[in-house]
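Database features (TrEMBL):
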- 138-162: transmembrane segment (TRANSMEM)
- 174-198: transmembrane segment (TRANSMEM)
- 204-224: transmembrane segment (TRANSMEM)
- 231-252: transmembrane segment (TRANSMEM)
- 354-375: transmembrane segment (TRANSMEM)
- 431-449: transmembrane segment (TRANSMEM)
- 461-481: transmembrane segment (TRANSMEM)
- 497-526: region 'Disordered' (REGION)
- 511-526: compositional bias 'Basic and acidic residues' (COMPBIAS)
Amino acid sequence: MSTKHTNFVSGEQETLIGSDEGSALLSSSNNNNSYPIHHQDDATPRSFREHAQWIIHKSIPIVTTSLLHQAVKWIVIIIAGHLGSAELGAIAIAHVFENLSTKLVSWSLRSSLGTLCSQAWTGAKDRTLLGIYLQRGYVLFGIMCMPIAILWMGSGYIFEWLKQDPEVAQSTRIYLMVQFPGFVAHGCYVLLMAYLQAQGIMRATAYILAIAVPFNALSTYILVNCLGMGIAGISLSLSINYIFTFGLLVLYTAKIEGYEGWGGWSKQESFKDLGTILDLFWPSSFSAIWTIGAQAVITFSVSYLGKNELAAQAILLRTSLTLFALGRGFQNALANRVGNYLGHGSPRDARRAFSVASMLAFVFGIVSSIGLMACRHSYSYLFTSDEEVAQAVSTVIPIFALSQTVNMFRALSTGVLQGLGRQKVTAITSFISYFIISIPLCYVFAFTLRGGLFGLWAGQSVGYLVYTLIQTLYILLKVNWSVESQRAQKRIEANQKKFETPTLSSSSASPEERYGAIITDSERQQ
């Protein structure tokens, strides 16, 4: 267990590896006032077992968080389905708006902060650089939410122009208007989550969602079934839930763990050097656009195959998202692991973490595929009693199971590139894999060759495979881990020098000046 931490008041940096989530992820010591550039590639890297234990340990709460997020979405879908087809259709359209606006912005910013914060946590002399990054992320998110708010307010006119069903259009507009404050809170929650995960604090969001999910179910039931608010009640409940979870995460950070990277809000620094985040944001956002756009096109194409295929696609897609929770756990844990080691100056450990995660991804991917194949004829009956729908799912399971194994490596390679700060590679890969290869193949396999739903998943699986191969080959053949480590440390040094001031850098600065309101009595006594 780690018993020491960075003492910024005295100017000494003392960090030890321990089992606590809030402890430092890597060992370093620096008593020099100058910015430390570490060159530790000659040191013995951590064992494969240590890396495997860390990745699995940190992945579990991320997987749990993803599954709990899925539970919230299931609550919305189930209750909306009981209201009527118009309400269910409205939520489906609203989710498209959500994915292409607030979630695209917040998760792209999260990718940027994940890279910068994970590298700064182990490489920066002053760890409050993480708090500066977080503040700049909030500033950018607030600016980007302004045009999104205007878009959502005018959504009714957009639906009229698209000639949507008037009842569906009206329900969608109501849902979006009520939901917007909650989506803003959710975006702030996502950015704070990136700040915490960069410090190795993965379990906080799982704890909070374990409280929030039943709260959301209860509030939705009261607003919709007891008060008769309809789709507005669903939206209001979800909005309250997002605000509630963000508030809990702020309290967790302030009172339990995660405050070490926060040095208080700085009006001056929060608006400086936003370009560093934007340099990583733009490729992340384009990557998200290609991914979301391709999924929308493929799902829309299923509607031309028939209602049974559409129902089967709903089962397969929800299953894929649930299984991908494991892949996302590996992705986020590995991104932080790689970023931590590069910022610390340990490229051999970063490279070994990638190797260990690859082995784990292979094992879990094979196990999930075997499990799907073993229950291919019975699995669909968990969701439907329709024989034709069940048969459609059973037919697709073989190629679907294969795609899940590939998905593990897809998430893995994306996590490594995020840790490296190479989001541009992911953006280019997404466009090539999905729009140039996957979508045309889906059309050929499904409609030209009459492969139906199986053909669509075959084309999508080829896209996943190409995506994975391009990124993996880039990592194996193009990445020089020592150079990437130096690049990460130079970025940290440049950003740290920009925000350091005599007041904040002085060893005579009081704890309140260093940490603002977020400081414990035990810190104050040191």
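Just so you know, glycine gets a Cβ as well, placed from its N, Cα and C.
Using a Cβ-Cβ cut-off under 8 Å and counting only residues 6 or more beyond its ends in the same chain, the transmembrane segment (138-162) has close neighbours at 93, 97, 101-102, 105-106, 109, 168-170, 172-173, 176-177, 180, 184, 187-188, 191, 270-271, 274, 277-278, 281.
Among the recorded stretches 204-224, 231-252, 354-375, 431-449, 461-481, the one sharing the largest number of Cβ pairs closer than 8 Å with the transmembrane segment (174-198) is 231-252. Highest Cβ contact count with the transmembrane segment (231-252) among the listed stretches 204-224, 431-449, 461-481 falls to 204-224 (criterion: pairs under 8 Å).
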